[in-house]
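Asker: The domain '6-phosphofructo-2-kinase' annotation in TrEMBL covers 1-206. Taken from TrEMBL, the feature substrate binding site applies to Arg213, His214, Gly215, Glu216, Ser217, Val218, Tyr219, Asn220, Arg264. What TrEMBL records for His214 is active site, tele-phosphohistidine intermediate. For Glu300, the entry in TrEMBL reads active site, proton donor/acceptor. According to TrEMBL, the feature region 'Disordered' maps to 406-433. What TrEMBL records for 408-433 is compositional bias 'Polar residues'.
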Amino acid sequence: MVGLPARGKSFIAQKIVRYLSWLSIKAKCFNVGSYRRRAGSGHPNAEFFDFNNVQAFEIRQRAAEQAVTDMMKWYEEENGVVAIIDGTNTTRERRNWILKYCREHAIEPMFLESWSDDMDMILRNISDVKKSSPDYEGINPELATKDFLKRISKYEKVYQPLDHELDKNITYVKLINVAQEVIINRIQTYLESRVVFYVMNLHIRPRCIWLSRHGESVYNVEKKIGGDSWLSERGFRYSYKLPDLVKQSAGDADLTIWTSTLVRTQQTARELPYKQLHWKALDELDAGVCDGMTYEEIEEKYPGDFKARDENKYEYRYPGGESYRDVVIRLEPIIMELERQENILIVTHQAVLRCIYAYFMNVPQEESPWMSIPLHTLIKLEPKAYGTKVTRIRADVPAVSTYKEKGTSQVGESTQDGTKSRNILLNLPESSN
Ligand SMILES: Nc1ncnc2c1ncn2[C@@H]1O[C@H](COP(=O)(O)OP(=O)(O)OP(=O)(O)O)[C@@H](O)[C@H]1O
């Protein structure tokens, strides 16, 4: 990463790691600010970041070296694929040092610069995350803001942005005022282009995403999986309640509804007074030859498959059908479009919802297929600077549980509050410098 403080470097770095991890590409962020704190910077004020402060400069240099050393160890020992050095890396000298070190280890780095002169946005960023940074623990917020602006001015004195001419031989992407303008140079690999495409689609305007499973279906009541059945009577009751639940949570905000192409999601959404789009990519995980069967029937007819699925639910692919991994791959355009959009309500199916939820909440693959996402519950996701806040709103309409625990063909769960799901993920703010 490259850029002055409060330009969203950590935000972007963490999002890239979450996106790649969700796609099963091993990625990790190495945050130079946390190495600097571990190296004993304490609670530094702006003077610490003065480039003429020799002692402090040494601490910062050591922190960068430690981050780069750990990165290399991770590549070598843990087969890492994409590492991100989340630091300011504001001088060409520092970037050349990273470039040289990486090339000596046969790694071709890509630099990602976030550049902004939008002072309102920078002040908002400081207020969002910097005042609560460990650097300013116990310090009056106004003083913290003032000191942080001074810290930025120390960096500005030495800042050398990526340059069309001087940096023409390196791979980079430069985001100007979020993605108002994007400059790319020497993008050479498929993975690099995926990352560029992803960051081009990010925005930071406040918005919410709501998720709901379809209302209880006739197949849910009959304990069958797959199919294209109608809603049950209780499922229709949920569809009549949904507009009020949404209004309660979204107020007068405008939103767009996305459903799958299957009858049960469209019946669930039909009373909602918003624009609706139907996506094939939101259809339920295809159970192949098991479509329309109960888990008991599957256990009886395909005992080997039943066991194999319990053992590795993420990878298991139904004969003639799909695995969770397959669903994630087909959901990628949905995630990309979600990043671009503002308020969206998605009405979809259990497995698909687990995959979308896993992306926003950073749920690991071994856990995501086992998350409990009950029927007749509206989930609100609010993306924040360093994570996503979740609120669950239950409709007072009873429904069967379709949750199947490991090792049984019975559906239903011991806990009704869905404790197997993650309620909130908010990473501690770290600073890149
Ligand atoms: N491309 C962007 N440009 C400017 N701000 C952004 C961008 N992307 C995200 N943000 C905002 O930046 C804030 C988070 O700042 P972040 O901690 O990531 O900055 P940083 O550049 O890593 O700062 P530091 O160098 O002090 O660690 C959030 O409020 C987020 O909305």
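Cβ coordinates are placed from backbone N, Cα and C, and glycine is handled just like the others.
Would you situate these features in the structure and describe their surroundings?
Answerer: Taking the Cβ of His214 (active site, tele-phosphohistidine intermediate) as reference, residues of its chain lying under 8 Å away and at least six apart in sequence are, in sequence order, Leu231, Gly235, Leu262, Arg264, Thr265, Gln267, Thr268, Val347, Thr348, His349.
Close to Glu300 (active site, proton donor/acceptor) in the fold, though at least 6 residues off in sequence, lies no residue with a CB less than 8 Å from its CB.
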Asker: The record names Arg213, His214, Gly215, Glu216, Ser217, Val218, Tyr219, Asn220, Arg264 as the residues that bind substrate; what is their largest Cα to Cα distance in Å?
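Answerer: Binding-site diameter by Cα atoms for substrate: 14 Å.
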Asker: Looking at Cβ-Cβ distances, which residues of the chain lie under 8 angstroms from Ser217 (substrate binding site) while being 6 or more apart from it?
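Answerer: Result: Ser229, Trp230, Leu231, Ser232, Gly235, Arg264.
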Asker: For Gly215 (substrate binding site), which residues of its chain lie six or more apart in sequence with Cβ-Cβ distance below 8 Å?
Answerer: Leu231, Ser232, Arg234, Gly235, Phe236, Arg237, Tyr238, Ser239, Leu242, Arg264, Gln267, Thr268, Leu375, His376, Val397, Ala399
Asker: When the pLDDT values for the domain '6-phosphofructo-2-kinase' (1-206) are averaged, what is the result?
Answerer: 95
Asker: Under 8 Å Cβ-Cβ from Arg213 (substrate binding site), six or more apart in the same chain: what's there?
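Answerer: Result: Val347, Thr348, His349, Gln350, Leu353, Ile373, Pro374, Leu375, His376, Thr377.
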